[in-house]
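Peer 1: According to TrEMBL:
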type: TRANSMEM; residues: 50-71; note: transmembrane segment
type: TRANSMEM; residues: 77-97; note: transmembrane segment
type: TRANSMEM; residues: 109-131; note: transmembrane segment
type: TRANSMEM; residues: 137-158; note: transmembrane segment
Amino acid sequence: MDKMNQAIEKMKMLVGMEVEDEEQAAEEENSLSFMEDLNRNCALTTKQRFYGFAICLSAGLACTLLSMLVFFNPVKFGITFTLGNLMALGSTAFLIGPQRQVTMMLDPARIYATALYLASIIIALFCALYVRNKILTLLAIILEFSGLIWYSLSYIPFARTMVSKVFMKCFDTEF
């Protein structure tokens with residue numbers, strides 16, 4: 001098999017093709033094809049998309065609302081609240097597709113909001129599962145909720161600017 005590959009490489013060199021460039025192109029094609037394969041395998045009808053969205057959003061909202069029942073146990077609260085947020089976030093992938101969801105999340109206009117939101121989810125889960133400190137978990141949940149609001153505002157034109165100006169006016173110390 002190695003002799004065959006060497007013979008093919010020699011033929012490519014005789015024709016004037018560069019072997020390394022083709023290997024790099026194959027690697028780039030493989031990395032691009034992952035998202036294409038994901039979208040191809042996630043091909044759903046419109047009705048299936050709406051059902052998936054409704055079920056995932058309902059489950060996410062149910063987890064978020066049920067987390068209020070265990071509010072005084074911050075560890076359980078943090079886990080169920082975060083799971084509800086992840087389900088609600090994942091529900092939009094049913095509507096617009098996973099590739100477009102990721103592309104929109106990594107858009108330069110909302111990359112920082114996405115990073116803040118995802119980091120706050122990780123911090124909340126870390127505090128709830130590993131640290132198991134009630135105060136840190138509650139602070140992480142407050143951070144997660146703030147990240148969720150800031151991330152959601154990134155989809156509304158000029159909403160973050162308006163909220164920032166309102167807070168600046170409300171907490172301005174100059175008279």
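Each residue, glycine too, has its Cβ placed from N, Cα and C.
A TrEMBL annotation is a machine prediction, not a hand-curated record.
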Peer 1: Are there residues at least 6 beyond the ends of the transmembrane segment (77-97) whose Cβ is under 8 Å from a Cβ of it, and what are they?
Peer 2: 39, 42, 44, 49-50, 52-54, 56-57, 59-68, 70-71, 104, 121, 124-125, 127-129, 137-138, 140-141, 144, 148
Peer 1: Report, as numbers and ranges, every residue of the chain located at least six residues beyond the transmembrane segment (137-158) whose Cβ falls under 8 Å of a Cβ in that stretch; write 'none' if there are none.
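Peer 2: Residues 74-75, 77-78, 81-82, 85, 109-110, 113-114, 116-117, 119-121, 123-124, 126-128, 131.
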